Amino acid sequence: MSTGELLSIEPLELKFSFELKKQISCSLQLSNKTESYVAFKVKTTNPKKYCVRPNTGVVSPGSTCDVIVTMQAQKEAPADMQCKDKFLLQSVKTFDGATAKDINAEMFNKEAGHVVEECKLKVVYCPPAQPPSPVPEGSEEGSSPRGSISENGNFNDTELNTATRGYVDRSEPQDKSAEARALIAKLTEEKNSALQQNNKLRQELELLKRDGRKNGGGVSFLLVILIGLIGIMLGYIIKKT
């Protein structure tokens, strides 16, 4: 920081992160330390290479002003990244209420008796910031867990999903086979129960036939109903199996 009598200037070096074929900017901050209006003017040894906005202006008492310096895109890098370009910032007291329109070259003419404060600024080229290097896949730090088993002995997500899919694929046929066996067992049980019921009805039918012979050889109405029930049961069993 420059500690002149009129303006404080920060920084004293214009640092550009140099990149080929790219415009680069940096800024200066001018602070008025006086109770007067201060006019300033920025000059450079290479005006075609740099653009300064604003290159002239007025800083009111106790206030600050930011100056943006833009370096035009360069096609070639300088040798050893060294730059000989320089800037000169001139400042002078002016009348109260002055604006940038009131500034003229005569104000900064020392030969005319004006007290002009000057500050020289150097230009420094810096290499551009390098992005963080990518971590190789499979390294210990930052790598995604793709091994079969992680260091803590647990399966990672990929392995767990694969194992789960395999378990589901293997378990589905087993589940279907178990359901089929249960259905067959149920049907077999129903068939056996129906056969037992049929045998019981046959026995009762035989008893009825005997009673019918004892009563004169006629077939009772109850016998007809039982025969019909037996036929229905047999039809149901045949259809079910």
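Here the Cβ of each residue, glycine as well, is placed from N, Cα and C on the backbone.
Given the ranges 2-36, 177-211, the record in TrEMBL names 177-211 as coiled coil.
Broken down by DSSP into helix, strand and coil, the domain 'MSP' (6-126) contains 13 helix, 63 strand, 45 coil.
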